[in-house]
Amino acid sequence: MSPQTETKAGVGFKAGVKDYKLTYYTPDYETKDTDILAAFRVTPQPGVPPEEAGAAVAAESSTGTWTTVWTDGLTSLDRYKGRCYGIEPVAGEENQFIAYVAYPLDLFEEGSVTNMFTSIVGNVFGFKALRALRLEDLRIPVAYVKTFQGPPHGIQVERDKLNKYGRPLLGCTIKPKLGLSAKNYGRAVYECLRGGLDFTKDDENVNSQPFMRWRDRFLFCAEAIYKAQAETGEIKGHYLNATAGTCEEMMKRAIFARELGVPIVMHDYLTGGFTANTSLAHYCRDNGLLLHIHRAMHAVIDRQKNHGIHFRVLAKALRMSGGDHIHSGTVVGKLEGERDITLGFVDLLRDDFIEKDRSRGIYFTQDWVSLPGVLPVASGGIHVWHMPALTEIFGDDSVLQFGGGTLGHPWGNAPGAVANRVALEACVQARNEGRDLAREGNEIIREATKWSPELAAACEVWKEIKFEFEAMDTL
């Protein structure tokens, strides 16, 4: 008989409740290359030993339940159970531990981020024996990675489509995010693109509201793209948000974008859901559309240090589900992001192979093999004075997105776009000449203002603007 259906002779069924650690805490277990490995930050309830808490996480996120059941005898628990194979205290925190759990690959449906999360985090976070629980990191084995298509195109294919190399890409979120008519919205897009930006963007909550229905917005934005391309000789794009109330409506919007011939669409992957996102990513690959991903709602899940899911896990999940861009924080702007930790998950988005590095919050070595990379998008409270730091921190393979930092220019959208493009080109040239952007950044920007009145005006407006708050996302 196969191990799945084997009934164990001579083993009597004993009803009752027993400690999880007797079955699910296995410190001698040697992890397999095919296991999915998880690092959980566990805060047990008073009186619950850390080994029992870690074993409870392994049990409740795999084969276990609160009591012994007779049907355990109809399967092979050793084959299918999750195992807590390590416990370590969290430095500087009282009663917090990192519990390492290994899951057999047979527990997961191929190519389904939805199923992976339903299994690993679907139920266990409400478990009473735990005061708090946070999923810090996952190691996705190569065998599972290969069941995913991943990003529709990836970094190199995107550069080839846009014919843009050797620098970060520049974007802008159209503001005000809500309330503009479709025609005025398209006008704002055109002015930004003709001023020198590569992309403009729908904000995450621009879908199809009474003041601007999606079809009207798509048409006016497409007109703006083609007009700006004709004037500048550069390929332009606007992230047309296809997020909708149903998957069918989302696909209808993506199909219309393809018919218009625009290069890129957008999806809110957490509010829209992983199933919808993966479906859209498959369509985008099959039809030559780039896919920009917004992470709206992420801070609800990832901001608390002791409970939830760290964004590095959500970033890995997005790379598997599919997206060519994703917002990643800025380090220097108005939104959350500590430098080393942010760069840790930026590498997890872009690189093929990432070594374990606890100083950056990376708990496991991750091999993505042939899965395409994702461009990180720095967006939120950034302006021209931040350009040297952003160029130095994120490098060429990134999108730098200035919403208010473009549209807030005193002379209008197009001069705001000019200011950002001049600042970026000055920083890239200075870096290529061997200058230190971190040390000489302000001087580089001041030198560039001599040749660009638009940049000089932007520098004057935002010279005092800073967002200096302590990051919550620390090790």
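Every residue, even glycine, has its Cβ placed from backbone N, Cα and C.
Around Arg295 (substrate binding site), the same-chain residues six or more apart in sequence whose CB sits under 8 Å from its CB are Asp268, Tyr269, Leu270, Phe311, Leu314, Leu318, Ile326, His327, listed in sequence order. Summarising the annotation, Swiss-Prot assigns substrate binding site to Asn123, Thr173, Lys177, Arg295, His327, Ser379.
Taken from Swiss-Prot, the feature Mg(2+) binding site applies to Lys201, Asp203, Glu204. Following the DSSP three-state reduction, the secondary structure of Lys201 (Mg(2+) binding site) is strand.
Sequence annotations record features per position, and here Swiss-Prot assigns N-acetylproline to Pro3.
Swiss-Prot lists Lys14 with the feature N6,N6,N6-trimethyllysine, giving sequence analysis as the kind of evidence.
Annotation comment: Swiss-Prot describes Lys201 as N6-carboxylysine. Packing around Lys201 (Mg(2+) binding site) is summarised by its Cβ count: 29 other Cβ atoms lie within 10 angstroms of its Cβ, all protein chains included.
The site 'Transition state stabilizer' annotation in Swiss-Prot covers Lys334.
The sparsest Cβ neighbourhood within 10 Å, among the listed binding-site residues (Asn123, Thr173, Ser379), is found at Asn123. In this structure, the CA atom of Glu204 (Mg(2+) binding site) is 8 Å away from the CA atom of Lys177 (substrate binding site).
Our reading of the substrate binding annotation (Asn123, Thr173, Lys177, Arg295, His327, Ser379) yields a largest Cα to Cα distance of 37 angstrom.
When the binding-site residues Asp203, Glu204 are scored by other C-beta atoms within 10 Å, Glu204 scores highest. Sorted by the number of other CB atoms within 10 A, the binding-site residues Lys177, His327 start with Lys177, the lowest.
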